[in-house]
């Protein structure tokens, strides 16, 4: 039976790089027999422009029934400061699908080391994953703004913490088997719970080493010794900040994918960068982050490990051959980058 993939086409450069990702998927399917169907839907500003809500009911229904979801950048300056914004649709989708675990791999391509703001010897061997709890804590607590006082409620249950930490340990089992749990347990009650749960979950994974870091120390280590990390797991707010910090290590957002997983429903895969409206429609956007998001989908949702390695090798050899888009120091167009990768499948 064909796998159903919903493609949520966003704003700015979104349509261009989504098509590049889907063309690579199509080329792979022709070689391997992967059976799938694509349900393309506008998302983000396009929905709002059509006088609709940021997350239409039919889009939510299709997403719930899908085997996997591909999403590309949303947002535009025209929605800044207005009541209805594209980002509200994404937040609602995460909540409705219970996408509790955000997975962001950080790996430096050898051929792109020169882009990093850190010295080559400092980023050598960097290959870690940030696992961020995505649906709880202060972002989803009550937000109370008064005339001269404000409160944001930080709230976590045992179950919310347990499932995200368990996810991190499961990922670590297939890597270097080190989990670094990041908290602020010397100050915050939620972090005291976080550390307690981490210690308890670790008992179920005797083959995996658990380490603890306070968030301020972790932020420093991510710059001074990033190769130390294997799997980082942390709460929503800390994860938001640290995952963005980690993205700087590569020197470009154009090659970084991410995934958001639920417990039982479909997962969502997307590049980490924005919609880049300043270059939209010019055919120069880097499609690699979208293509690598497709890679994560093939691996995590469909278990097609050989296919994922095939695309990753094609990306790496294309970069090593000097085929680079403008954001990473070359002159290749979106189409030329995509075609180079397809040719190397």
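Here the Cβ of each residue, glycine as well, is placed from N, Cα and C on the backbone.
Under the heading substrate binding site, Swiss-Prot lists 94, 104, 132, 216, citing sequence analysis as support. In the three-state DSSP reading, residue 104 (substrate binding site) counts as strand.
Look at Swiss-Prot and you will find 139 (among others) tagged as site 'Important for catalysis'. Around residue 139 (site 'Important for catalysis'), the same-chain residues at least 6 positions away in sequence with a Cβ under 8 Å from its Cβ are 236, 237, 240.
DSSP assigns residue 184 (site 'Important for catalysis') to coil in the three-state reduction, outside any helix or strand. Residues or ranges marked as site 'Important for catalysis' by Swiss-Prot on the basis of sequence analysis: 184 (among others).
Per Swiss-Prot, the feature Mg(2+) binding site maps to 216, 240, 244; the stated evidence is sequence analysis. Secondary structure at residue 216 (substrate binding site), as computed by DSSP, is helix.
Taking the Cβ of residue 278 (NAD(+) binding site) as reference, no residue of its chain lies under 8 Å away while being at least six apart in sequence. Annotation source Swiss-Prot lists NAD(+) binding site at 274, 275, 276, 277, 278, 279, 280, 281, 282, 283, 284, 285, 286.
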DSSP says residue 132 (substrate binding site), in three-state terms, is strand
Counting only residues outside 216, 240, 244 in the same chain, those with C-beta within 8 angstroms of the Mg(2+) site's C-beta centroid are 215, 219, 237, 238, 239, 241, 242, 243, 245
Rounded Cα distance in angstrom between residue 274 (NAD(+) binding site) and residue 104 (substrate binding site) is 15
For the binding-site residues 216, 240, 244, the largest set of other C-beta atoms within 10 Å encircles the C-beta of 240
As a whole number of Å, the Cα atom of residue 244 (Mg(2+) binding site) is distant from the Cα atom of residue 286 (NAD(+) binding site) by 19
